Amino acid sequence: MAGRVREVSHSSDQSGRLPAAFLRPGSSSFTDFVREYSPEILPATRTLPAAAALPGGGPGAGEPPHATTIVALVFADGVVMAGDRRATAGPMIAQRDIQKVFQTDEHSCAGIAGTAGLAVEMIRLFQVELEHFEKLEGTLMSFEGKANRLSTMIRANLGMAMQGLAVVPLFAGYDLDAGRGRIVGYDITGGRSEEHDHHTVGSGSLFARGSLKKLYRPGMSEAETVRVALEALWDAADDDSATGGPDLLRKIWPVVGVTTAEGYRRVPDAELEPVVEAVVAGRRGNPGGNPGISAVHGDGGN
């Protein structure tokens, strides 16, 4: 840290004024600025050492924690995103209450799957990127602009991904120009695709997607959409050991975010608890079975 301070001070003049790079007009991208001024602190510039294993000899030693299942669903007024709370390192549970869904600005959010530490760092940098743009331009970045900017950041991580440290976010938000909720999925190269109705990423995504295909329907209310998201995470946890289900003993619930024209809000745990209990009650006696449309929507399947 001391060396870093000395490096910055050497680039300033004796009057204590900011370096010229801070005052020169240029891109409204914070990442572009850092790449020009101090590129070594960007995650994309790092490389793994020849021996990357971490100390320790137990199961999962040498493996970084991985975040797993994220689901996103469009509903009548916007979009819902939910993520389980488990992080794994090999066969071990590394963390039981990790947060995988983050607000990125007033009208968008992102969920993370893949290498947890790098994924969280990427989303934090993305948050700063959007805030920096807003301060310089005096307006929010468009939904398309945000999706493209995140794509560029994922592509910059390709070197780490090819070494086994992939980051695969899921981006969603309310498009103020289009007046609707939207979901964008990515691959490890930064390739992006518009996802319609719903999408899932992570190790349990196959099982969550199967659940969503049965339970999702267009035009659902916010409450129905939250319930369907929790049902999908339950199905993922039921078949994927890296996805954590609701922890009733510790009262650890999935993180659920809702984004509408009014903005983003995280659904409070107190609001989620009765919904989780309803999901558990609906699966009692048939934990692996589908609760059915009528159980979720309360309409007898009509």
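Backbone N, Cα and C atoms are what each Cβ position is placed from, and that goes for glycine too.
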Given ranges 1-21, 190-210, the stretch to which Swiss-Prot attaches the annotation region 'Disordered': 1-21
Cβ packing number for Thr68 (active site, nucleophile), 10 Å threshold: 29
